[in-house]
Each structure stands twice: as structure tokens, then as C-alpha cells.
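Written out below as C-alpha cells is the structure these notes cover.
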């Protein structure tokens, strides 16, 4: 059983368990390695990356989108749980919001590094605003979302989940998160000259992907609260979470699979030049089948059986595999939309070739390990969100 500082002396609860320390250690070491890999982008700019004038969005953009959408998915799960008033989430919600903030901060780091000159974005973006672009509105919604996440973390730490202001902040996070997801989907879906991306169904695809990845992360993060099962009440809280969280993840993954299948079928039968050939290329790619078999079918099978669904090993495995599959899907969408040269349609000798280099992988890993550090800090420092915070971390 872990012993908290509050249990020992009445101070705010902080766990002495090794989980947050291990998370912080992995995050810090990983961030150092990732920064070393990404360092050339600070000295050489965009020339250090494998992208070019034909392939302007590469792995870093896919990584940024994945981290941002996952952040919003985690926050939607945490805010919904908080608004439901269920006490078993009191330990989870502060940790989830800390992780969501870390994912968003990591996504910002990735986006700024991807630009090739991180400092330039501080003045170039505000001075080059195009109000008709969904990218601008996505940025505004994302900014509002992050401010609300910071505010709710402070409020949960000081006032708890039953505070009216906390609950209003949770509603604001749901609204801002949905707006940010929708506008990011529109940023792709309104590219009429990129037919693989174009379509009003793209925001729906982004939404189901965000919810699925958010619940996958939540399912994995939930294992960290198992260390508090030292009392009968703590055990009851854990059993209550286990009663519906894996099922919600399975439902979200099934909804994502349905939307993905619709996109694939629509792409293979699309009359627009330059779409059919890309989806045919997807089907020939081993990466696509890794996404489908390991990243989608395997998690669904693990979550479909009630006997497996309740097992921690199955939950962590399913969540991790789903995250890998969803990341591959984000990468394929980003790259697939640029494989056919602009305005060339099917009249091309071949696709634009692209393979991410070590610098680009380093940029993405900067965002991933930043999120881990935020989660470790939140796990170590934040109180339980419930009105009775004396029982847990």
C-alpha cells in the first residue's frame, strides 16, 4: 500500500509511490535524447528535415495533430467524468487534465520545431492572420482550450470537483475541445486542391479518432490509480471505473473503425482524380495492414471479450496498440494527401516519395516525452479532486 503525505501529517496528499518518479525519469531522459535528435533543426532550419516543396507536411505535422487530438480526447473524457459527479474519478481527473495539458504543450513544441525556425512563429503567425482560414480559428479554439485546462487544474487542486466554478470550467473545456477538433478537421477537409483530405466528413473522422485515442490514453493512465487500492473504498472506486471505462473505449474504437471503413470504401470508389490511386496504394502498404490488424482489430478483440476486458494486461495492450494504429492513420492521412502532385490528378509517372529522417522523429518524440513529464508532475503534485481529499493523492 502506498502512504501519502496527507495520511501521515495532514498536508496535501502526495503519493510516495514510485510511479510518478519513474514516469518523470523516463520523460526527462527521453526528452534529452529527443532534443539531441532534433537539434539540427535549430541550426539548419527546414533543411534538416526530409520534407520539401512537394511534401510540405511530413511526420512532425502528423505527430502534432495526433498529440493535439489526443489531448482533447483525454480532456473530453476527464470533463465528462467530472460532470457526471461520479466520485471514483476524483483521483483520475487531475492527472488526466495534467496529461492533456502536457500533450497540448508537446504538440506546440512539435509544431514550432516543424516550422524550421521556432522563434519566427512568435511574430510570423500573429502578423500573417487570415481570418477566413480554419487554421486561425483552430488556433483560437486551442488557445481557449488550454487556458481552460490550466484553470481547471488550479481549481481542482484548490476547490475540488464539486465546486460550481470547476464544473463550469469543465463545460467550457468540452465546448472548446469540440471546437478545436472540428476546426482542425476543417483545416484538412477544406483543402479542395488536396482531394484525399477534402470533404465535410473529415471533421467527423478527426472527432472519432480523438475520442478513441483519448480513451486509449485514459485506459492506460487508469492503471496508475490501482496503487491506491489499499482500502475497501479505494477498491470499490477501482471496480466502478473498471465497470465502464473499457467498454467505453471499445465502443469508441468500434465507431472509429466504422468511419475509417467508410473513408476507405469511399476513397476506393471516388470519381475524383488522384484519390482512388492513393487508397489503392494504401492497401498495398504493409504500414496500412499493421494499422488495421494490430492497431484496430487486435484491440477490438481484446475488448470484445468480457473476461479479457477486465484484465489490466489486456487494457494496457489494447490501449497501446490502438495508439500505434491511430498514429499510423494520422501519418497516412497527412502523407497520403500529398502523394499526388498538385493539379496532376492521375496523370503522374509516380507518387511523391517521402521517408522521415531521425530529426523528424526527434521532433515528434520531444512532444511525447514532454507529455510524460507533465503527467509525472501531475501524478506527484496534484491532489485528489474530490471534496474529501484526505484519502488520496
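Quick reminder: no glycine exception, Cβ is built from N, Cα and C everywhere.
Positions annotated as transmembrane segment by TrEMBL: 21-42 (among others). Proximity of distant same-chain residues to the transmembrane segment (21-42), defined by a Cβ-Cβ separation under 8 Å and at least 6 residues beyond the stretch ends, is recorded for 48-49, 113, 116, 118, 358-359, 361-363, 365-366, 368-373, 375-377, 379-380.
Cβ atoms under 8 Å from those of the transmembrane segment (62-84) belong to residues 92-93, 96-97, 99-104, 106-107, 110-111, 114, 142, 145, 149, 152, 161, 166-167, 170-171, 173-174, 177-178, 180-181, 184, 206, 209-215, 217-218, 323, 326-327, 330-331, 333-335, 363-364, 367-368, 371, 385 of the same chain, restricted to positions at least 6 beyond its ends. Annotated transmembrane segment per TrEMBL: 62-84 (among others), in sequence order.
TrEMBL lists 96-115 (among others) with the feature transmembrane segment.
Per TrEMBL, the feature transmembrane segment maps to 135-157 (among others).
The transmembrane segment annotation in TrEMBL covers 169-191 (among others).
Marked as transmembrane segment by TrEMBL: 203-222 (among others).
Residues or ranges marked as transmembrane segment by TrEMBL: 243-266 (among others). If one looks beyond the transmembrane segment (243-266) by at least 6 residues along the same chain, the residues whose Cβ comes under 8 Å of a Cβ in the stretch are 201, 204-205, 208-209, 211-212, 215-216, 218-219, 222, 279, 282, 296, 299-300, 303-304, 309-310, 315, 318-319, 322, 326, 329.
As annotated by TrEMBL, transmembrane segment applies to 286-304 (among others).
Taken from TrEMBL, the feature transmembrane segment applies to 316-338 (among others).
If one looks beyond the transmembrane segment (358-377) by at least 6 residues along the same chain, the residues whose Cβ comes under 8 Å of a Cβ in the stretch are 20-24, 26-28, 30-31, 33-41, 48-51, 58-60, 62-64, 67, 71, 95, 98-99, 101-103, 105-107, 109-110, 113-114, 221. The transmembrane segment feature in TrEMBL is assigned to 358-377 (among others).
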The transmembrane segment (96-115): which same-chain residues, six or more beyond its ends, come within Cβ distance under 8 Å? 38, 41-42, 46, 49, 58, 60-61, 63-65, 67-68, 70-72, 74-75, 77-78, 121, 142, 145-146, 149-150, 152-153, 156, 217-218, 221, 363-364, 366-375, 377-379, 382
Check the transmembrane segment (169-191) against each of 135-157, 203-222, 286-304, 316-338 and return whichever range has the most CB pairs under 8 Å. 135-157
Same chain, outside the transmembrane segment (286-304) by at least 6, Cβ under 8 Å from its Cβ: which residues? 216, 246-247, 249-250, 253-254, 256-257, 260, 314, 317-319, 321-326, 328-329, 331-332
Chain residues in Cβ proximity to the transmembrane segment (135-157) (below 8 Å; excluding those fewer than six residues from its ends, i.e. six or more beyond): 68, 72, 75, 79, 93-94, 97-98, 100-101, 104-105, 125, 129, 163, 165-166, 169-170, 172-173, 176-177, 179-180, 183-184, 186-187, 378, 382-383, 385
So what's near the transmembrane segment (316-338) in sequence-distant terms, Cβ-Cβ under 8 Å and 6+ beyond its ends? 54-59, 61-63, 65-66, 69-70, 188, 191, 194, 196-197, 209, 212-213, 216-217, 219-220, 223, 249, 253, 256, 260, 278-279, 281-282, 285, 287-288, 290-292, 294-296, 298-299, 302-303, 352, 354
